[in-house]
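Asks: Sharing a structure here in structure tokens format.
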Amino acid sequence: MKPSIHSLTHQTMQEWVLEQGEKKFRADQIWEWLYRKRVQSFEEMTNLSKDLIAKLNDQFVVNPLKQGIVQESADGTVKYLFELPDGMLIETVLMCQHYGLSVCVTTQVGCNIGCTFCASGLIKKQRDLNNGEIVAQIMLVQKYFDERGQDERISHIVVMGIGEPFDNYNNVLNFFRTINDDKGMAIGARHITVSISGLAHKIRDFADEGVQVNLAVSLHAPNNELRSSIMKINRAFPIEKLFAAIEYYIETTNRRVTFEYIMLNEVNDGVEQALELAELLKNIKKSSYVNLIPYNPVSEHDQYSRSPKERVLAFYDTLKKKGGNCVVRQEHGTDIDAACGQLLFNTMKRDRQKAVAAVNP
């Protein structure tokens, strides 16, 4: 199975070109064809020799993904199901924001973090995506606009799809390098956000990288007892260890951290939890921001329901009065399989049902 050419960073593409006995500038030409002109085959790279094109075809594919289901929401959100070369499935989401076009990418097939409210956790981790498979999600969504002759470009990326990005650390870092490269898609690092669940040692590593990508942490509870009950990762990385790493990140990078807090009715959305959260954040108040997220119900997690508006507003008001920076996140795609992992899980469930029906007609 040949890898995608998108698996190469600009640097490793230069190294590959030199290994083929070509001049280094050929890497820039290939890079421009891929990310500026966004061709779909090596044959379209008309300023390359036939010999180099043959080597590219022999060793790489351009696009490693096949497009499957596409769901479009009334609010402009588009959810894609892509098939990987080994037949496994992933999902990607396009969101039309007031500030531009934002794409949410997946980094793993399935997820082992096991958050008890999340559809992604219903799909056990099968493998990591390589850099090329993550980059290809962006390129295929951009193709959606290119083919329509629309002069629109993806401007923002959120790494919040299925999987824990820092459990696939090196591939995710190479994805950032590729998509941020100023000779390619040139999506600014500050327009990219990576959302993680709390691998504290990786937060420290990320701080030392000097990458300008925004960091978001899935917190969802203000104390260890509650967080451990809904996020099993907290048993390995309790809040004390997590916040020590976050404080190191803030001190090292001088950058703000966003905390994601999903609102689960009568679980974590009370005024008492808002007060606990304010206390937890008091030492990093000026360097933190809280995203209050309305819950998209998942039928397999029917122990949870969406917080009523009045409870969300009471939580928000309490946090604001204590000096917290927070916002209630705008919803997208509520009329489709909107929750992370929901489209993929529902597709897999339907496929299983069809298989059972075929065996037991």
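Heads up, the Cβ atoms here are built off N, Cα and C, so glycines get one too.
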Asks: Select one of SER73, SER102, SER195: the residue that Swiss-Prot places in the S-adenosyl-L-methionine site alongside GLY163, GLU164, SER218, LEU219, HIS220, ASN296.
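Replies: Candidate in the recorded S-adenosyl-L-methionine site: SER195.
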Asks: What subset of the recorded positions GLU91, CYS111, CYS118, GLU164, LEU219, HIS220 lies within 10 angstroms of CYS104 (disulfide bond), using C-alpha positions?
Replies: GLU91
Asks: Consider the recorded positions GLU91, CYS111, CYS115, CYS118 and say which one has the Cα lying nearest the Cα of LEU219 (S-adenosyl-L-methionine binding site).
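Replies: Its closest listed neighbour, by Cα, is CYS115.
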Asks: Over the domain 'Radical SAM core' (97-329), what does the predicted model average in pLDDT?
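Replies: Averaged over the domain 'Radical SAM core' (97-329), per-residue pLDDT gives 95.
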Asks: Using a 10 Å radius around each Cβ and all protein chains in view, which of these recorded positions has the most neighbours: GLU91, GLU164?
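Replies: Of GLU91, GLU164, the one with the most crowded Cβ is GLU91.
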